Amino acid sequence: MGPAVLLAILCLGVAEVTQSSDPSLDSEWQEWKRKFNKNYSMEEEGQKRAVWEENMKLVKQHNIEYDQGKKNFTMDVNAFGDMTGEEYRKMLTDIPVPNFRKKKSIHQPIAGYLPKFVDWRKRGCVTPVKNQGTCNSCWAFSAAGAIEGQMFRKTGKLVPLSTQNLVDCSRLEGNFGCFKGSTFLALKYVWKNRGLEAESTYPYKGTDGHCRYHPERSAARITSFSFVSNSEKDLMRAVATIGPISVGIDARHKSFRLYREGIYYEPKCSSNIINHSVLVVGYGYEGKESDGNKYWLIKNSHGEQWGMNGYMKLARGRNNHCGIASYAVYPRV
């Protein structure tokens, strides 16, 4: 087959896909590509457009149901709008809830009054939202965020810590860099290593690299770490009395990937399957407390264009929704 014939076949394939697309969405497609800096090859354009249109229709129908009072949150065709579910799931990492958690220190709840609203951002404990990119490093961002909060409470200084340090250097503890990892093993590394560098001295690259940790540049240390028992009440107490807590959740669903704002509740979410690490930075409720619209405030690592400027309100008090309390851990400094 000659080059000219092959090119003609390729062009014909792209033309057929383009012709099947909805022309009324042309301007929205071009604007979306500009907004998220998307550039495709001639072969990719049609396939990505088809996926994007499917997601666009899903989002519009969901938001109609939100306007009708059938949903509690809205969705948006964000940077993941051209991804299939299979492609997005490759960005997640299966995180088995370890059997050894019973042998490790378990947070002992402190009795007493708990505030109805907590938001550690307002107390200066939380660094800006970051973007993990295509590296499966959510576990590193979650662990670093928990340490940042504790270091701030101890020193009064908020220092962004190096997630790349964790990606590159915690393999001996059992993490696998950009392939997969866990917050527990990340904290174990910092504890054994007796230090973690700052983002300023060990910046994030979003790819696997050789460990370049220098003890003299350490910006944080931890003395131990503890799990929170598998209970939303205990997690609530830990968030209120200790600070931002690292947790794992089930984030496999399109509704999570394309979340925009509101209190996220996904009936298909599992409380036993954990595949994404985030940081709980607070909790509260919308409307009247008696309305039952309670939420966890979580910080994600998909950039500020995802969700509520990088954050999500996830349903609280709904039977450990999405496993929010199944894998909660925090450091001591």
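Each residue's number is its place along the chain shown, starting with 1.
Cβ coordinates come from backbone N, Cα and C, glycine included.
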>> Taking Swiss-Prot as the reference, CYS211 is linked by a disulphide to which residue in CYS169, CYS178?
In response: CYS169
> Pick from CYS11, CYS178, CYS269: which one does Swiss-Prot say forms the disulfide with CYS135?
Replying inline: CYS178
> How many Å lie between the Cα of ASN300 (active site) and the Cα of ASN72 (N-linked glycosylation site)?
Replying inline: 19
> List, in sequence order, the same-chain residues at least six positions removed whose CB sits under 8 Å from that of CYS322 (disulfide bond)?
Replying inline: ILE249, ASP250, ALA251, PHE256, GLU266, CYS269, SER270, SER271, LEU314
>> I need the CA-to-CA distance for CYS211 (disulfide bond) versus CYS178 (disulfide bond), whole Å please.
In response: 13
